[in-house]
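**Student:** Feature table excerpt (TrEMBL):
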REGION    37-60  region 'Disordered'
BINDING   GLU148, GLU187, HIS190, GLU289  Fe cation 1 binding site
BINDING   GLU187, GLU238, GLU289, HIS292  Fe cation 2 binding site
Amino acid sequence: MSRSAAVKMSGLLVRQLRGEFTPHGGMVQIRHWSNMSTSSKTKEEQKTHQPPHTVANATNDAGDKAKKIISYWGVDPPKISKEDGTPWKWNSFRPWETYSADISIDVKKHHLPTNFMDKFAYWTVQSLKYPTYLFFQRRHMCHAMLLETVAAVPGMVGGMLLHCKSLRRFEHSGGWIKALLEEAENERMHLMTFIELSNPKWYERALVFAVQGVFVNAYFLAYLASPKLAHRIVGYLEEEAVNSYTEFLIDIEKGLFENSPAPAIAIDYWRLPADATLKDVVTVTRADEAHHRDLNHFASDIQCQGHELKDYPAPIGYH
């Protein structure tokens with residue numbers, strides 16, 4: 001090899017290794033070859049095998065507005081579709097929780113108050129009904145929203161207290177915990193439907209705060225004192241709810257209230273046809289209230305006859 005070729009080769013080698021030299025204390029040191037190769041390999045692996053959450057964070061930093069949540073715990077939301085294959089867009093309920101309401105139920109049934117407890121429950125509800133009618137008059141949508149904020153309370157309170165009782169006594173509930181929680185969830189879905197059609201005013205929201213604060217505590221104490229009385233009160237409340245929705249339907253049929261298209265949440269929840277209207281929504285809502293009426297009067301009858309709820313299977317899924 002000529003001298004000039006050797007000089008060129010040594011210069012090339014120096015340029016290739018220049019990045020691996022590190023100054024330290026005025027001297028030049030070179031790393032061990034094994035460390036150099038390991039370090040290079042580690043950097044490449046980090047780039048190639050970057051964790052998913054790191055990639056997601058980098059993507060989000062770059063401006064990706066996707067709502068996907070990456071969690072260490074691996075709780076990924078399932079991908080749910082409708083029967084026709086389109087994506088399911090509701091997070092508050094799933095397709096298997098939807099149903100077709102039984103609108104053939106008798107909406108005119110009434111439990112006649114025969115004893116002191118029944119009369120006390122009946123007149124308690126009547127005394128609460130008239131101020132509500134005076135306040136809302138024929139504003140059915142606002143009345144329905146307030147009604148549902150109250151109607152969704154008893155099932156949750158009763159289910160919670162039965163749950164605690166089951167834990168204290170180490171016994172089953174006969175399915176009544178689930179039945180009451182189903183009732184509370186169903187009432188809440190009524191509210192979620194009506195707020196798609198109307199936006200409550202500030203004073204109506206304030207009224208909900210006040211009424212809910214009083215009613216939750218009052219019903220809690222009533223259920224602790226006498227569950228059969230509490231269920232009888234709810235039975236009469238549901239009777240009034242049925243009557244209110246009947247008046248709503250009458251005004252829709254008379255043309256006094258616009259029969260607007262049903263919101264999408266109602267169509268999916270009750271499996272209504274795509275061209276369903278507000279009249280259809282009110283009809284199925286009234287049917288739900290009639291079922292809640294029967295369930296609570298039945299629960300009160302069981303206890304009035306000296307039995308416990310757990311002794312009789314609860315009508316779970318009773319719509």
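Using the three backbone atoms N, Cα and C, a Cβ is placed for every residue, glycine included.
The shown structure was predicted, so the numbers you read here are calculated from the model rather than taken from an experiment.
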**Student:** Sorry to bug you, but what's the C-alpha spacing from GLU238 (Fe cation 2 binding site) to HIS190 (Fe cation 1 binding site), rounded to the closest Å?
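**Tutor:** Computed Cα spacing between HIS190 (Fe cation 1 binding site) and GLU238 (Fe cation 2 binding site) is 13 Å.
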**Student:** Could you state the CA-to-CA distance between HIS292 (Fe cation 2 binding site) and GLU187 (Fe cation 1 binding site) to the nearest Å?
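**Tutor:** Between the alpha carbons of HIS292 (Fe cation 2 binding site) and GLU187 (Fe cation 1 binding site) there are 9 Å.
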**Student:** May I ask which of the binding-site residues GLU148, GLU187, GLU289 is closest to GLU238 (Fe cation 2 binding site) if we compare their C-alpha atoms?
**Tutor:** GLU289
**Student:** With a radius of 8 angstroms around the mean position of the C-beta atoms of GLU148, GLU187, HIS190, GLU289, what other residues of the same chain does the Fe cation 1 site pick up?
**Tutor:** ALA144, LEU147, ALA151, ALA152, ASN186, ARG188, MET189, LEU191, ALA241, THR285, ASP288, HIS292
**Student:** Under a criterion of Cβ-Cβ distance under 8 Å and sequence separation of at least 6, what residues of the same chain contact GLU289 (Fe cation 1 binding site)?
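**Tutor:** GLU289 (Fe cation 1 binding site) has long-range Cβ partners ALA151, GLU238, ALA241, VAL242, TYR245.
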**Student:** When a 10 Å sphere is centred on the Cβ of GLU238 (Fe cation 2 binding site), how many other Cβ atoms does it contain?
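**Tutor:** Around the Cβ of GLU238 (Fe cation 2 binding site), 25 other Cβ atoms lie within 10 Å.
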**Student:** Suppose we draw a 10 Å sphere around the Cβ of GLU187 (Fe cation 1 binding site). How many other Cβ atoms does it contain, all chains included?
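**Tutor:** A 10 Å sphere around the Cβ of GLU187 (Fe cation 1 binding site) contains 25 other Cβ atoms.
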**Student:** Using the centroid of the Cβ atoms of GLU187, GLU238, GLU289, HIS292 as reference, list every other same-chain residue with Cβ within 8 Å of it (recorded Fe cation 2 site), in sequence order.
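**Tutor:** Once GLU187, GLU238, GLU289, HIS292 are set aside, the remaining close residues are ALA151, GLU183, ASN186, VAL234, LEU237, ALA241, VAL242, ASP288, ALA290, HIS291, ARG293.
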